[in-house]
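Annotated features in TrEMBL:
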| type | residues | note |
| --- | --- | --- |
| DOMAIN | 36-317 | domain 'ABC transmembrane type-1' |
| DOMAIN | 348-561 | domain 'ABC transporter' |
| TRANSMEM | 38-63 | transmembrane segment |
| TRANSMEM | 69-88 | transmembrane segment |
| TRANSMEM | 149-169 | transmembrane segment |
| TRANSMEM | 175-193 | transmembrane segment |
| TRANSMEM | 254-279 | transmembrane segment |
Amino acid sequence: MSTSFSPPSQHGDEVAPSIDRRLLGELGVGRRALTVSIALGVLMSATVIAQAVLLAHLIGWAMATDAQALPVATLSWLIAAMVARALLGGFSEALSARSGRQVTGVLRASLFSALSRDPDVAGNDEKTGSLTLSATRGLRSLEPYFSRYLPAMVVAVITPPLAIVFLAVTDWPSALVALVLLAVVPFAMVRFGRKAARESDRQWRRMASLSGRVLEILRGLPTLRALGQVHTGRQEIAEASDAASRSIQSTLRAAMLSSAALEFLAGVGVGLVAMLAGFRLLNGSMSVVPALAVILVTPEVFLPLRRAGAEFHASTEGRSAATSIFNVLDAAPKLQDNLLPASSLTPIIFDDVSVNYSDSRLPALSRFSLHLEQDDHVVLRGPSGSGKTTVTRLLCAMIQPSSGELTLAGLKSREIDSASWRDLVSLVPQRPHVFAASLQDNLLSLDTASDSDLLAALELVGLTHLASGPEGLARPLAEGGLSLSAGERQRLGIARVLLQDRPVVVFDEATVHLDQQTILGLRLRLAPWLSGKSVLETGHRPGLLEQGCRVIDVTASREVS
């Protein structure tokens, strides 16, 4: 199975409608907050029109030669309208921002879940760079789409007709001028918006390419240095960076051109209405208050459209990123939401399983078969690159088979909820990560674990000396475990597994940095704890499992002892 993580289409105008429909379908949990936000935005537009009318009356009163006493009621209503506008605007922005965070949070979870089920993700630097860009900057840039662009578009559809109706009731010639220019605005938005979308797609492709190239060169830096070709990598990064910069400048030019066109049309509309009102004031066919009212309200005909245009450009990067994100979501194996039994994954059956990565012509794992029952202890043996780690990744729900079948508790792996699957498996990787946090925080995997539980786990793996100082379990550890030896980091990973106490345990070369005496001590102390669990261990030498357990040759996929 190969994920098509392709860049957005070069035809931004063709892709955009389908992307918009897909993004609208992702609203889900954020729909209610967004709906309330839009309703508040429409009410705010109504208060703006009311504010303009009240202000026109006050200015008319001030200009009148026979001015009466200060119209306190009108002034009070004007202040109330201004306060209401500010409050409605604040609540609307807060709710729309909340909606954006909710939707992008769901998309982020869906993306990570899809990546965990796709074996084609790992191993390709260019693709990994693109995925990283989409999962970070891409998802962040989608927030303005939901929090600002969608509300602005709905308000732009509702508010201008309300303003036109008011103008028609107050002064129909002004309404006619505004309506004619308003009809031109969508054509300008579509014309310049398509160009901006194409430029944004091009920018996103080049940014993704730059991310991939940087990651690929960084990983190959030792080789480049050994061959004396570091300057080649530097030149490639510079060229990709220049291409991305040129693309960004083109996108900004398109956005500025679009904004200038909308500003021009809005300025012409307001200017024509003001000129007509001024001429009619001079010849006495129009009074001051209606003239001021139409002049103050006319900008509200165009302002929502100008705002929607500006938010469109702010969201174009997110729309481009959405295309890449949806490609991953669509290509990933679909889950049927089947939940595993609460206490068991067994029997676990690998039936002729193969895994292929897109950047390699050779399979990472070829036709591997294994039957694992409860209380089975199995060691995978084989040379580096034979697929041992790939088997552990399959068992930990990190990837899915390219061919063959993996079943757990009678369910096919692609039909199992990955979260419930992972809740039943513990993994000690080759290089357990140590966080910049306390020893307690680095150990704690269960909220119910007490300090005595943590100390007992440390004792089993021979790390009690880490908590023996005055700070105890609060001892700070450096990021990456710089203050620990490689063997201590591996034993810390084993201690985490002890605290998780899950029915399936995977040791992926978890003793490679331990001496034989330490391994023997761990084997004796862990034997009672491993009893009754399904255990899979990979390695080139005897590890944590006792002698006499099954040994599988991964290369030949056959049992040898």
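Any Cβ shown, glycine's included, is placed from N, Cα and C.
Remember, TrEMBL labels are computer predictions, not curated facts.
Within its own chain, the transmembrane segment (254-279) is flanked in space by residues 171, 173-174, 177-178, 181-182, 184-185, 188-189, 192-193, 195-196, 199, 286, 291, 294-295, 298-299, 301-303, 305-306, 309-310, 313, 316, which lie at least six positions past its ends and keep a Cβ under 8 Å from the stretch. Residues 160, 163-164, 167-168, 254, 257-258, 261-262, 265, 268-269, 272-273, 276, 298, 301-302, 305, 308-309, 312 of the same chain lie 6+ residues outside the transmembrane segment (175-193) yet bring a C-beta within less than 8 angstroms of a C-beta in it. The average pLDDT computed for the domain 'ABC transporter' (348-561) is 86. Counting only same-chain residues 6+ beyond the ends of the transmembrane segment (38-63), those with a CB under 8 A from a CB of the stretch are 70-71, 74-75, 77-78, 81-82, 84-85, 88-89, 91-92, 95-96, 150-151, 154-155, 158-159, 162-163, 166, 287-290, 292-293, 296-297, 300, 304. Long-range contacts of the transmembrane segment (149-169) within the same chain: residues 24, 34, 37-38, 41-42, 45-46, 49, 53, 92, 96, 175, 178-179, 182, 294, 297-298, 300-302, 304-305, 307-308, 311-312, 314-315, each at least 6 residues beyond the stretch ends and with a Cβ under 8 Å from a Cβ of the stretch.
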